[in-house]
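Going by TrEMBL, these are the annotated features:
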- 331-343: compositional bias 'Basic and acidic residues' (COMPBIAS)
- 19-309: domain 'Sugar phosphate transporter' (DOMAIN)
- 320-349: region 'Disordered' (REGION)
- 12-33: transmembrane segment (TRANSMEM)
- 45-68: transmembrane segment (TRANSMEM)
- 89-110: transmembrane segment (TRANSMEM)
- 116-134: transmembrane segment (TRANSMEM)
- 141-159: transmembrane segment (TRANSMEM)
- 165-187: transmembrane segment (TRANSMEM)
- 208-230: transmembrane segment (TRANSMEM)
- 236-257: transmembrane segment (TRANSMEM)
- 293-312: transmembrane segment (TRANSMEM)
Amino acid sequence: MRNRENPTKWESYKQVITAVSAYWVFSIGLVFLNKYLLSNVQLDAPLFITWYQCLVTVFLCLLLSHISKNYGVFKFPSMPIDAKISREVLPLSVVFVAMISFNNLCLKYVGVSFYYVGRSLTTVFNVVCTYLILGQKTSGQAIACCALIIFGFLLGVDQEGATGTLSYTGVIFGVLASLSVALNAIYTRKVLSSVGDCLWRLTMYNNLNALVLFLPLMLFNGEFGAVFYFEKLFDTTFWILMTFGGVFGFMMGYVTGWQIQATSPLTHNISGTAKAAAQTVMAVVWYSELKTMLWWTSNFVVLFGSAMYTYVQKKVMDKKNSGASPASQAKSDEVKLLGRDGDAAEEAV
């Protein structure tokens, strides 16, 4: 019998293909599903939709932890609910709530085809915030990549306006979402030790805090009344779609880690860039949109700039980690990547 720790080349290829396919399916599916929930359900309560998805994530974390602890079917981290840890995670949770709120509000007002470009300034804000908050400088090559991304973003906004589908509200929410994701990356690194360096446990506490933080926001936004008088409040299909949105958001955390484990952080970001391109093409075809050549050029520029930034930063990380152990290097890369990864941080709750 072959040792599972030394799989054949075909088994390795199969694992990579399965992991990448799962990442693409859940990531693209989550964007299209959230777009439908936010724009086509006639429920003007985007914060409530996000709140419910956070509730599903907390439930799944606690459920899987319980099953793992009592039945040993699989391994999943323990999820102790500790008020002290919750307070330590709270600053990150505030940024987390802003991040997922602005992302979903951006998706509500812009089309799926423009969604990636609309939130493409994450990398730029990541460089700026890292310098202003952590005092870490960035190489000239990385700054050049950021300039390329900014150019692509501005060209995309201009061309979206030329096609008559531009929402300035959506663009503003996209910029705020990009800033929030960059801040989320920084605060994630700061508070990760509070949860024993466990990303799953951090996910649970973030979403648990978010359940409370969203309540005054929903009250201020008048969403309790909108939900109470929603005509499909007791419609089974509506709640199935809402729950699927939460499950997909939860699964993004798993498939992101799985893809990194099966490939590498660099390959994961390349996969994410390719997925964004495929998602854009699918959205244009699905919604029967007509786009100009310059519009497509703006997408290419943003994708190319993002890919080059990933490559430049990976070379920097490899140089810094050259003297570190493989385990600590992998952990460092994974935390940094998950902190700024477009899909894990920006789309999932």
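Residue 1 is the first one shown; counting continues down the chain.
Here the Cβ of each residue, glycine as well, is placed from N, Cα and C on the backbone.
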Which stretch from 12-33, 45-68, 116-134, 165-187, 208-230 shares the most C-beta pairs under 8 Å with the transmembrane segment (89-110)?
165-187
With the greatest number of Cβ pairs under 8 Å to the transmembrane segment (293-312), the stretch among 12-33, 45-68, 141-159, 165-187, 236-257 is 141-159
Return the stretch with the most CB pairs under 8 A relative to the transmembrane segment (12-33), choosing among 45-68, 116-134, 141-159, 165-187, 236-257.
236-257
When you check the transmembrane segment (236-257) against the transmembrane segment (141-159), do you get at least 3 Cβ pairs under 8 Å, counting only pairs 6 or more apart in sequence?
no
What mean pLDDT does the predicted model reach across the domain 'Sugar phosphate transporter' (19-309)?
92
Take the transmembrane segment (116-134) and find every residue of the same chain, 6 or more past its ends, with a Cβ under 8 Å from one of its Cβ atoms.
103, 106, 110, 142-143, 145-146, 149-150, 152-153, 156-157, 160, 170-171, 174-175, 177-179, 181-183, 185-186, 276, 279-280, 298-299, 302-303, 305-306, 309, 340, 342, 345-346
